[in-house]
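J.: Let me give you the structure first, and then I'll get to my questions.
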Ligand code: DMJ
């Protein structure tokens, strides 16, 4: 039996997958270098580079692109691990020669840290190792480290907050507060975004000798006071790994506190489901996110092998059914959101489980990942993200993490340690799979992956142990199989089995997207879930229904699709404009639709405050300069995780270009009446013959000495029989003689 295992392993490892993975990597990397470099990313369907500003704006995901050859930097240490040392040397030279960071561009602090700063540090460490061996890189003089330090300084302005939590975005040239920065006023960030800095920043401090980076990242970590569910995503990963890298028990204690809560409230093997933060017995939703696939890998590091095997097996069953993990899937394993942007988390966990168990089953899982990528994602110019796993349609994107992470984990899975150019046990993986040496640890006791005996603890064997796969989990394939067998037929493939009854609970990394939805409050709606486009139609003179602004809906507040004639009212700007403090102009707002700027606090908080002040509706306006419905897909605003039943007024969202049109109208005409309604019910569009516009011109009464003014009373009638119209007043209007060229589109 043992001999059979060995033969099986040998066959997989040496004659099949390693070479295939190398060939696939070459295809992806060379496509990027040939068709896209120096752009940030490859567009594999168009066979060209994605340059921000030249392609349609995709919203937040474009914040990863900083005109700094992202994919090249993210790929550097993968080149070393895959033994492509000539290519690595060449790529480092290109990075040093071509990449600049003083770009006037707004980027995500989180993404820039994990992908670019982490990429530079991992590559610097690799360059140093190769140089010390005396065979290559002899010209190298720490150029990548200098670049990393420069980038670190460019990120630091984001940490200039009272809490120490970084702003989500920074302008690489102008920082945050500079009027030229264009970062907006948004200070909301996700826990993962703010709590996934410590590895890179601490490593930068250790390597550069400047403590400022570690100090800031540590302060940001200290700012969290998480209970159940208050933290999320790679924040947990970084607590655990910060302990491994830095040896500071504070991080381990925090991790263990969170982990216990997660396992108590969230884990329902093999599922991990969202619970309400303040009421953890209540479910939040009935679907899971593909990003949870990293969690079994973290559980392996923690030493919690059983739930890791269970959850991983559930995920494998989902990939068997849908080829890839859809971005979100239900507890019945149906597609909730069909996109798959070639995420590496499932491969990551597969690698860690193989390392922990030695079970060749995980090689088989790895092989299936390789095959599916080749069959369903490979295109002539690289690998394309899958737009919908149900149809197999492609999307014109190949994210840099595909090269940074996917190929590392797959290659490691099929490699013997002796085949690697470095001793992999000497390194820890960042969340982007960049390699940082464990030897950076300065605080005792440090963790060394191989030789540390776990320290037994009364309550929990693993609580104070250094994660060492070999020590904690001696190879035991039978143990893993026994656990997996209970979950073999979860998805209904093969024999039928109902998933065990579940508590609807929440997980955390589960969802960077999910988390962003709750914190940034906009939900990229699953593709099959239609976002009903709304409009803000300006109906008072001189607009008379001809200016129509496309608006996004909210998942809470009044459902405008159920209002026969929409909701009408005149608009008043909230003071303060963000509506994050007490409303100072409640008197003016009462009975009107309030305009409020996005940012600084949650949509739900703004809506509540304005509703209490007497507003009959709220139009939120994006604070991100230049955004428009023409370029950014509509999304739905979501609540703050608390019940939102108390919010009954209608809520709509305008991108900043449309918002600017509305604000300009208000500034010019003082009285602007609007209708909030679904686009399909646009007034005067479907049945123009039935739209009667009547004017009554009347003299207002004036006090002696006041200038005479004319009032135009406008009556809009839906039809001859429909007498419910809008009686609106516009003062001192010229005429209706300024027709918009294209009433359908936003100016
Ligand atoms: C990567 O950039 C990192 O793994 C990050 O932590 C999460 N998202 C992507 C991969 O899916």
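Cβ coordinates come from backbone N, Cα and C, glycine included.
Caution: TrEMBL annotation is automatic and unverified by curators.
What TrEMBL lists as active site, proton donor is 111, 327. Positions annotated as active site by TrEMBL: 233, 345. Marked as Ca(2+) binding site by TrEMBL: 431. The compositional bias 'Polar residues' annotation in TrEMBL covers 717-740. Taken from TrEMBL, the feature domain 'PA' applies to 567-662. The region 'Disordered' annotation in TrEMBL covers 717-747.
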J.: Out of 327, 345, 431, point to the one nearest residue 111 (active site, proton donor) in space (Cα versus Cα); all of them are recorded positions in the record.
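T.: That would be 431, nearest by Cα distance.
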J.: Name, in the order they occur in the sequence, the residues of the same chain whose CB lies under 8 A from the CB of residue 431 (Ca(2+) binding site) and which sit 6 or more residues away.
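T.: Counting only residues 6 or more apart in sequence, the Cβ neighbours of residue 431 (Ca(2+) binding site) under 8 Å are 114, 118, 196, 199, 234, 237, 238, 294.
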J.: I'd like the Cβ neighbour count for residue 345 (active site), meaning other Cβ atoms within 10 Å of its Cβ, all protein chains included.
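T.: Excluding its own Cβ, residue 345 (active site) sees 23 Cβ atoms within 10 Å.
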J.: Using all protein chains shown, find which of the active-site residues 111, 327 scores highest when you count other CB atoms within 10 A of its CB.
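T.: Checking each of 111, 327, the winner is 327.
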J.: Average the pLDDT scores across the domain 'PA' (567-662) and report the rounded value.
T.: 90
J.: About how far apart, in whole Å, are the alpha carbons (Cα) of residue 345 (active site) and residue 327 (active site, proton donor)?
T.: 12
J.: According to DSSP, does residue 111 (active site, proton donor) fall in a helix, a strand, or coil?
T.: helix
J.: Which secondary structure state does DSSP assign to residue 345 (active site), in the simple three-class scheme?
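T.: It is helical.
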